[in-house]
Amino acid sequence: MLCFDSEKMNWYYHVLARRPYLVVISIAVYCVACIIVALILNDLPDFSDPTLGFESRGTAIGKRLTSWHNLIQECDGNGALFSNPSDLLQKLRLLQHEQHPSHKRHKKQQRRKLKNNKKRKEHNNGNKKNQHDDMANKMMVLNKRLKATQRPTPSENKWLDGQIRDYEITNDSNSSNNGASTIEYGHNTTFVDEDEHRERMQSKSSRWRMLKQATLPNDLGWPEAKAAKESIEGFFCESSPHKRYAHFVVQRIGPNATDSLFDLNGMLAMCQLQEQISSVKSYQAFCERRREEEEVLASNCCRPWSLPNYATLLANKSSCFDLNAEDVALLQTLLINCYEYYHDLKIDMNCNTLNRCYAPEECTRHADIVFSVLNFLSDYGFIKPNDTNVYLKYAMIFVPIARSNRILPLFHEWEHVDLSNELVEVIGMDLGLENELFSELLLTDVWLVSLGGLFVLACVWLYTGSAFITVMSCLAICFSLGLAYFVYTLVFEFSFFPYMNLLAVVVIIGIGADDVFLFLKIWQCVLAERFSKSSTLNTQSTLPTPLEHNEHTETLENLMALTMRHAAASMFVTSVTTAGAFFASYSSSIIAIKCFGIFAGTVVVTNYLLMITWLPASVSIMERLFASRMSCQQHLLQKLINACKKSINRFCELFEERITHSIMNYAFLWLIIFAILGTGSAIIVFWYPGLQLPEKPHFQLFVSHHPFEIYSKLRHLFWFEKTLQAVENFNMSMRFVWGVEAMDDGDYTNPNSHGNLHYDNNFNISSKESQIWLRNFCQNVRQQPFYQATFAFLLPNCFIENFIRFMERRCIDDMDSKHTNLTPCCDAEFPYEPHIFELCLPQCISNLWDTSFYQQSKAGPKFAAAPSRTDLGYLESSSNESLSMESTSMQLLVKALIIEFDSNISYSTIYSNMKVFYESVESWFQQQLSTAPQELRGGWFISDYESIMFFSVQDTLSNDTIVAIILAMAASLVVLLCFTLNLIISIYAVITVSLTIFNTVAVLILLGWQLNILESIAVSTAIGLAVDFSLHYGIHYRLAPSKERVAATQFVLSRIIGPTVMAAATTGFAGGIMMASNILPYIQIGVFLVVVMVTSWLYATFFLMSMLKVAGPQYGFMQLGWPKLRKRRTAKANKFYERKPSQIIASEQLLTPTSSAIVEMANSETHELESLNSNSQIKTISGTESGHTLPALPVDFEHSFQTVH
């Protein structure tokens, strides 16, 4: 069947029997070397962003998203494209200045200045005392100036944000001496004296501290608001909470769980709860303290922002435990009276300090309290308009600890503390730790994988009785993972390793254990038959001879050849189907799925290679190591193991008999039951409720009851999160791009590789046809049903309309005192000549950018310098503020164009809604492009990056999952046909596998699964795992010694039920252990393994075997055959297995204690685990014992099952 059935592999059996140490050591050295090289040459995988790679690449939408990303990166000021032509000219001017000869002289001057740094430092240090006196005088001058000021406007208070600008704030007479020098591009910004800059910044910092300490006069118009703000800042460290601080969601519990939190009992309970939060050991180390002038003034942490603390502040009390019902009613009255003004955006946290608030005096005086409570601390259903009744279901507590991954130890302390009392509890929290905690749990929960592996190894040790084989099997699985990582990173050169690749560890433990069981049980069956035959010839008990005798080695070669011929083929079948299902996932366009498919498939391949090299050599070593330790007496442990095996064998015999009896007598009943289940599952999968696509862009990392996941579900209930999400009132935008090709030449397996930006060489908007078409295009967009009008001045959405208005100006403006002639960019008739268009467009866009009414956005033409122009001397005469005709002539080119409009389609995470929007706009735009000039036919449509990316993932999951399933099913069908050579058996097996997939997916749907990234991987993997059992049953039915269907079914059930049960039990139990994990991916892969193992075993055993019993092929019906080219044999094959007949008995007893235990098993009726081709092996061995030689097995060894007529 395979190359292992050929006499050409005799040399390999000879090496395994005679040089097993060489094989094991060579493989171990090679594997260790590959693992070390892979770890040294590659960085360790980084799982800090678990969602990295959850994007589609290579699809039509994916290519547009990548091109859009590259286009925006190119326009960020560091690339070659600029939205504002003035910025491009400034960059060109800097480049020109660096090439100027005077620039080199400036460098020498800077070097001379650096030599005098030490002298200046010493001089400045000696004048520190004088600086303090000067600072006091400046303080007096500032106080006088502040008294003469009026109330500042927002534009005049840009410096109040606490940031030190690199320019002078004052404009008094002595500022010219100590002020910052005027910035001139290309002159004083290339080189900066670090010492002078540091001294200047220290001076400005001192000035800023003086401004903070300066007392504002009371006649500025907001004394009460200022006093209230100072009162709040005295109670809290900051006047208002902020999203950058850690916060907790609180809910009421107990017998009155449905009552509102906003009552006295709820306030006191939350007061106690915040004390519990701040009482953990590490809280003091991470909390924020009151600071003034870079010094800690308070020894205790700042107060948390919570409802009881704000009620305490309003009641002018010192502790929230002193609250009474009147205090709570006072806060409630204030919130009800001011809610209308908050809802109408007339109150904010800077009320009457930076912005004027239009609200009653009571609301403005307590604006910080009203805004903080309504915006941050209470859910949006707390108060309803025109309703005096309040109901608070969820409340928020902000603690003065920054959201950061550094507070992970603090989170672990909160985990071990019961954050609840009799009335309230913390149900959710946002600490900014999602990715950090996931990375930690991803590694710490590996012990669950190890536990599953220990269970599998315990099963191996129980059925082999050899700790050596158990250890070697464990090393084989570990080496397969290491080799796969080496091939993945260095051979395939994949630089991205997503965390989902770790899920392959769970799968390979089950697959590797199945291969170990398969090989060892075939080996045991060969030994068992050999002992049963030799016992009739051996009437005397003889002691073993040394293992170095050639007779024993020759016998070992024969046993290895017989075992490898059948075990290698059986392991190859299961490995091909599973690896094929994994490699089929490479067809997906999602990076994480693509990488997982390659890594998991590579692990299966490397595991197979080790199972046909490492494991046979280990078995050979076991025979050599323990042969000399044989004794006639058995140890107590060995006796216990044998007794345990006998008990298990009896149970398995009874189990197999019951199942065989039920299938043979009730085949029609099983067919009806499982057919109904399969049909119902198909209805669930394809009709209702169906396999739903994800409706949330947030990828769930933890279990549903985890506080982080609960917060993500409840965050939309608070106003401060609603403004950040922008989901409620967000309409999709329509962006039409020209000049850039929708191309992605990056690495599709690396989310950080976006390739290069490719320009459209045919793009040109200066022709008259292009100008007319662009104007008509903008007009046609406004006529479409999906268009949403936007009202504002000088919108950037369609530049051609602004440009037409720009060209309608008079050439000589009467209001211009200089009477500048603006020809030819004036009084022009549309469309314009190409040279006039190219000349005047940069001037128009530059003027628009200098206009305060112009809304700067990503839309508009993108300019680049003409590549053919090398002389930049003409730039010296151009103005810094605007573009002149001379400076723009043949200088700037429009390399890309973005036209943007708003749509009336609201953003939705529902796939069907987004699909209708995208396809409707795309089809209309393609119709418009069909009428466009040739230079504008390369345009493409894209919407908002984040929203369209999620839609792209949804679209890819819905399409690529089906493609992966079809490819995996096709590969399984090919393997079945190749190994059974019977069309009927292959069709039955494919039907069984299909129903298995339907039932598996239906169970997952009923468990609440949606078709997300991990679920897509699970569906593809299910095919590879589910087909194994059906393949085993189908092959053995084909190889049964009887050609009649009933007898063949009886034979298959008596041989295969045991190994399939063991394979399903080990893999399913390993998956069940993973369900105890704390992270969702491990739990989902565990649930999936349990479901697919149970479902596939039930369908393969009861449904497939019932079909074969009722309508299975018999007497060679629909039986195919391979070409008879391999029938030729040479006499050398028989010579390999030839041995002396006088030494048969002595050689047969040169076996290990582990192997000698098979004597008892050989005399028993059945074993729990039989090899897949055990009858073939026994029949072949039996035939050799009656003669003097052991002839080579025929190539068509499956015909040995058939009786000779």
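Glycine is treated like the rest: Cβ placed from N, Cα and C.
All annotation found in TrEMBL is predicted automatically rather than curated by experts.
Small disclaimer: the values here were computed from a predicted structure and weren't measured.
According to TrEMBL, the compositional bias 'Basic residues' annotation covers 102-122.
According to TrEMBL, the compositional bias 'Polar residues' annotation covers 170-191.
According to TrEMBL, the domain 'SSD' annotation covers 466-621.
Per TrEMBL, region 'Disordered' is recorded for 97-135 (among others).
Marked as region 'Disordered' by TrEMBL: 170-208 (among others).
Under the heading transmembrane segment, TrEMBL lists 21-41 (among others). Within the same chain, residues 15, 472, 475, 479, 482-483, 485-486, 489-490, 610, 613-614, 617-618, 621 sit at least 6 positions outside the transmembrane segment (21-41) and bring their C-beta atoms closer than 8 Å to a C-beta of that stretch.
Sequence annotations record features per position, and here TrEMBL assigns transmembrane segment to 446-464 (among others).
Here the transmembrane segment (471-491) has Cβ contacts under 8 Å with residues 24, 27-28, 31-32, 34-35, 37-38, 41-42, 453, 457, 460, 497, 504-505, 508-509, 512-513, 516, 598-599, 602-603, 605-607, 610-611, 614-615, 618 of the same chain, all six or more residues outside its ends. Annotation source TrEMBL lists transmembrane segment at 471-491 (among others).
The transmembrane segment feature in TrEMBL is assigned to 497-520 (among others).
Beyond the transmembrane segment (567-585), the same-chain residues lying 6 or more positions past its ends with a Cβ under 8 Å from any Cβ of the stretch are 1-2, 4-5, 511, 514-515, 518-519, 522-523, 593-594, 596-598, 600-601, 604-605, 607-608, 611-612, 964, 967-968, 971-972, 975, 979, 1016-1017, 1020-1025, 1027-1028, 1031-1032, 1035, 1171-1173. According to TrEMBL, the transmembrane segment annotation covers 567-585 (among others).
Residues annotated as transmembrane segment in TrEMBL: 591-615 (among others).
Marked as transmembrane segment by TrEMBL: 667-688 (among others).
Non-local neighbours of the transmembrane segment (962-981) in the same chain are 1, 569, 573, 576-577, 580-581, 584-585, 587-588, 989-990, 993-994, 997, 1016, 1019-1020, 1023-1024, 1027, 1030-1031, 1034-1035, 1037-1038, 1119-1122; each lies 6+ residues outside the stretch with a CB under 8 Å from one of its CB atoms. Feature annotation from TrEMBL assigns transmembrane segment to 962-981 (among others).
Away from its own ends, the transmembrane segment (988-1011) comes close to residues 674-675, 677-678, 680-682, 684-685, 689-695, 957-958, 961, 965, 969, 972-973, 976, 980, 1018-1019, 1022-1023, 1026-1027, 1030-1031, 1033-1034, 1084, 1087-1088, 1091-1092, 1095-1096, 1099-1100, 1103-1104, 1107-1108, 1112 of its chain (Cβ-Cβ under 8 Å, at least six residues beyond either end). The transmembrane segment annotation in TrEMBL covers 988-1011 (among others).
Summarising the annotation, TrEMBL assigns transmembrane segment to 1017-1035 (among others).
If you look at the transmembrane segment (1056-1076), the same-chain residues 6 or more away from its ends with a CB under 8 A from one of its CBs are 448-449, 451-453, 455-456, 459, 506, 509-511, 513-514, 517-518, 521, 652, 655-656, 659-660, 1025, 1028-1029, 1032-1033, 1036, 1082-1083, 1085-1090, 1093-1094, 1096-1097, 1100-1101, 1166-1172. For 1056-1076 (among others), the entry in TrEMBL reads transmembrane segment.
The transmembrane segment (591-615) is in contact with the transmembrane segment (497-520), judged by 3+ CB-CB distances under 8 Å for residue pairs 6 or more apart in sequence.
A Cβ distance under 8 Å defines the sequence-distant neighbours of the transmembrane segment (1017-1035), meaning residues of its chain 6+ beyond its ends; these are 500, 503, 507, 514, 570, 573-574, 577-582, 584-585, 593, 596-597, 600, 961, 964-965, 968-969, 972, 975-976, 979-980, 982, 985-986, 988-989, 992-993, 996-997, 1000-1001, 1004, 1011, 1052, 1056, 1059-1060, 1063-1064, 1067, 1084-1085, 1088-1089, 1092-1093, 1095-1097, 1099-1101, 1104-1105, 1108, 1172.
Counting only same-chain residues 6+ beyond the ends of the transmembrane segment (497-520), those with a CB under 8 A from a CB of the stretch are 45, 47, 50, 52-53, 438, 442, 449, 452-453, 456-457, 459-460, 463-464, 469, 473, 476-477, 480-481, 484, 488-489, 563, 567, 570-571, 574-575, 578, 591-593, 595-596, 599-600, 603-604, 607-608, 611, 615-616, 619, 1013-1014, 1017, 1021, 1025, 1028, 1059, 1062-1063, 1066-1067, 1070-1071, 1074, 1081-1082, 1085-1086, 1089, 1169, 1171-1172. In the predicted model, the domain 'SSD' (466-621) has a mean pLDDT of 81.
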